[in-house]
Amino acid sequence: MASKTPSLLIIFSFALLQMTMAADPDILTDFIVPANATQGVDGNFFTFTGLRALFGADPPTTFKVSKVSMAEFPALNGQSVGYAVLQYPAGTTNPPHTHPRSAELLFVIDGTLDVGFVDTTNKLYTQSLQTGDIFVFPKGLVHFQYNADPQNSAVAISAFGSANAGTVSLPNTLFVTGIDDNVLAISFKTDVATIQKLKAGLAPRA
């Protein structure tokens, strides 16, 4: 009987190749028209106007993200790009989070930001950014931004190499999703009462 090893090696190698190439899938057309589109598309389909509201508006009082992903802008489907405008009132932070499907290129267009990320060896990389600076957060790594200025706001633009980069917020993922209090208490080497206080502080306001 012929050995099955070569076939298994081929399958395993193919699986590894697919893993290393994980990204938005290539498309076989110039662009993707939504299935519910009843007529042909024109220039309006390729135009996103959702950020107009940012101009001339009062600045937010809490950290705010205005996303431009395929959920908000269907024309991005299949194009492997995404966008976001981030507004940081004085003293606010974008809490530690990850983007599982893309790196993030952050461009500070107003104010200053302290930023950082942690790699898979648990090494922390930090930088203080000025207006005009660009910083890259590698794909899938935990990162954050903080406006340490107690008086002035900051604004940044983020670009992504995916139309659906995804966001996993560590505070919400750990303390708002219903993970058992005992699991979290043991993991963080604290008591259940402390975990419950953290959960209460992060619970959505009614």
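Using N, Cα and C of the backbone, Cβ positions are placed for all residues, glycine too.
According to TrEMBL, the protein has these features:
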type	residues	note
BINDING	Asn94, His99, Glu104	oxalate binding site
BINDING	His97, His99, Glu104, His143	Mn(2+) binding site
DOMAIN	52-196	domain 'Cupin type-1'
SIGNAL	1-22	signal peptide
### Query
Over the domain 'Cupin type-1' (52-196), what does the predicted model average in pLDDT?
97
### Message
Taking 8 Å from the centroid of the Cβ atoms of Asn94, His99, Glu104 as the cut-off, which other residues in that chain fall inside it around the oxalate site?
### Response
Ala84, His97, Thr98, Leu106, Phe137, His143, Gln145, Ser158, Ala165, Thr167
### Query
When you average the Cβ positions of His97, His99, Glu104, His143 for the Mn(2+) site, which other residues in that chain have a Cβ within 8 Å of that mean position?
Thr98, Phe117, Phe137, Leu141, Val142, Ala165, Thr167
### Query
Per DSSP, what is the residue tally for the domain 'Cupin type-1' (52-196) in helix, strand and coil?
24 helix, 55 strand, 66 coil
#### Entry: Cα separation, His143 (Mn(2+) binding site) to Asn94 (oxalate binding site) (Å, whole number)
9
#### Entry: Cα-Cα distance linking His99 (oxalate binding site) and His143 (Mn(2+) binding site), given in Å to the nearest integer
9
### Message
Counting only residues 6+ away in sequence within the same chain, which have a CB under 8 Å from the CB of His97 (Mn(2+) binding site)?
### Response
Val142, His143, Phe144, Thr167, Val168, Ser169, Leu170
